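Report on the structure given below.
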Amino acid sequence: SFVATYCPVEAPPLILPSGPTDFEKTLYLKTNRLGLYTFGVFSFLSLSVGMWLFVISFAAFYWFGAVVFLLQIYLLISYTVSICGKDYDISKHHKILEEHPIDPLTCPTVDIYLPCCKEPIEVLENTYKYVKQLQYPAPKLKVYVLDDGASDEVKTMAQSYGYNYIVREDRPRLKKAGNLRWAFARTEGDFFTIFDADFCPRPDFLLETLPIHLSKPNTAIVQTPQFFRTSTNQSWVEQGAGAVQELFYRVVQVNRNRFGASICVGSNAVYRRAALEEVGGTAEIGFSEDVHTGFYAVDRGWKVRYLPLCLACGICPDTPRAFFSQQMRWCMGSTTLLTNLDFWRSGLTPIQKICYLSGMMYYSAISLSIFMNPLPGILMLWCRPQYVRYYNLAFAVPSIVYSIIAIRCWSKARYGFNVQFVMVIQSYAYLTAIKDRVFGRALAWVPSGDTKAHKNHKYRNMRILAWGWMMTVMGAVIAGTTYQILKGLPWYDCLPLIVLDVFNLFLAHRFLVWSGKI
């Protein structure tokens with residue numbers, strides 16, 4: 001309904017996840033990269049030609065060449081890594097499982113970390129239920145609930161499942177990272193696994209991941225995808241947020257794995273204690289400790305390996321504000337790492353650094369697109385109307401088709417306009433994170449389940465900016481079109497520009513109009 005979509009007064013219904021099915025488990029094994037990247041490269045080349053023709057059309061536009069150059073460098077790196085990557089060889093994985101089975105007598109000890117902080121009790125219990133079903137020799141497995149919310153209800157529930165319960169004394173130091181490091185210092189398993197509060201593992205999670213560690217002793221972390229099931233019962237934000245992750249976990253991580261540059265994303269991973277002992281556990285940073293943990297492990301000579309089997313399923317943010325906050329944290333983590341001298345002085349290979357750099361450039365490119373995408377059409381309309389032709393849009397058509405149709409055909413998830421709606425939110429979240437990084441402003445961390453936590457004004461401020469910018473763009477297009485038509489420019493030459501800007505307004509309208517009080 002209109003109220004539920006644009007101005008809800010109650011939180012969306014909570015849809016609890018379950019472990020991935022046998023069908024879902026193997027969804028990410030085939031990237032189907034050939035068609036995807038053939039179309040992608042064609043759209044990249046087409047758009048590049050159009051952009052450079054715009055730049056050289058007028059001396060006053062030359063400055064835009066710097067923007068085009070940066071975007072092309074990012075896309076060139078991204079597509080090069082993608083084309084040079086290769087699909088995961090599942091037959092080699094099956095061979096590892098055969099050669100290194102989990103023996104009840106000789107298998108290593110494993111700790112399961114379940115960090116939480118004021119998430120809904122039903123979400124936690126759902127996760128605990130699936131963790132209880134993990135297939136692993138009971139004497140070698142211990143489960144720890146790491147509760148930064150210090151809830152008596154969570155403590156009672158954890159004990160009812162036979163789990164160990166830990167509340168650290170230095171809360172809230174370093175937020176989640178501090179919680180994990182406190183537990184690391186008080187546990188002793190040979191390996192440990194982290195499941196965020198909402199992630200439900202399959203029973204065979206450890207049986208699929210531990211053998212990789214056993215077969216390759218130089219492995220610090222075995223990372224699996226963060227899989228999100230999409231359904232029509234979810235809010236539009238949750239549907240879009242789940243589907244938008246697929247490209248990263250199905251293709252990008254697989255590509256980077258070939259070069260030893262897959263990143264650690266925290267949850268759904270198995271860590272080797274010996275690889276982290278010298279630094280006291282996960283990275284000592286207040287946000288995005290997962291990315292930093294993986295990077296520093298690689299810098300110390302260890303390996304981060306990626307297994308593209310969906311072995312755990314979680315919940316995505318279900319409101320624009322929550323999604324905005326999540327994406328801002330993720331962007332801040334990447335930008336913090338790549339503006340750190342440790343990264344540039346590290347022993348990573350050049351190709352590994354390029355893979356990490358492409359992530360940083362992705363965030364920059366997406367945030368820049370807010371302002372850069374509409375400018376060529378507006379500037380041409382006002383400054384070079386003699387070059388405004390209806391067929392100019394042909395340069396951008398392949399990119400539009402790629403983002404709306406080609407990706408939808410490729411995706412295994414429900415990939416509809418909800419994805420484009422949340423990508424607008426992503427853009428402004430990345431812009432906020434980069435702005436805060438440039439000006440040295442700390443990111444306030446709020447537990448995802450803490451509904452009483454103070455909400456900062458970053459989301460509100462970006463909505464105000466979005467309103468101002470979209471109205472400026474539409475005003476410039478309408479005024480420029482009217483003026484040039486009155487001077488004799490054929491109306492049909494202006495029509496594609498108007499249609500494109502109206503379409504962009506349609507994609508942004510959920511972010512602009514949504515006014516839920518949750």
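Note that Cβ sites are derived from N, Cα and C of the backbone, with glycine treated the same way.
If you check TrEMBL, you get these features:
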- 192-376: domain 'Glycosyltransferase 2-like' (DOMAIN)
- 34-55: transmembrane segment (TRANSMEM)
- 61-85: transmembrane segment (TRANSMEM)
- 361-382: transmembrane segment (TRANSMEM)
- 388-407: transmembrane segment (TRANSMEM)
- 464-483: transmembrane segment (TRANSMEM)
- 489-508: transmembrane segment (TRANSMEM)
- Note on the structure: If one takes Cβ-Cβ under 8 Å and requires six or more residues beyond its ends, the residues near the transmembrane segment (61-85) are 33, 37, 40-41, 44, 48, 51-52, 54-55, 251-252, 254-259, 354-355, 357-358, 361-362, 364-365, 368, 372, 375-376, 379, 383
- Top partner of the transmembrane segment (34-55) among 361-382, 388-407, 464-483, 489-508 - counted as Cβ pairs under 8 Å: 388-407
- Could you please provide the mean pLDDT value for the domain 'Glycosyltransferase 2-like' (192-376)? 94
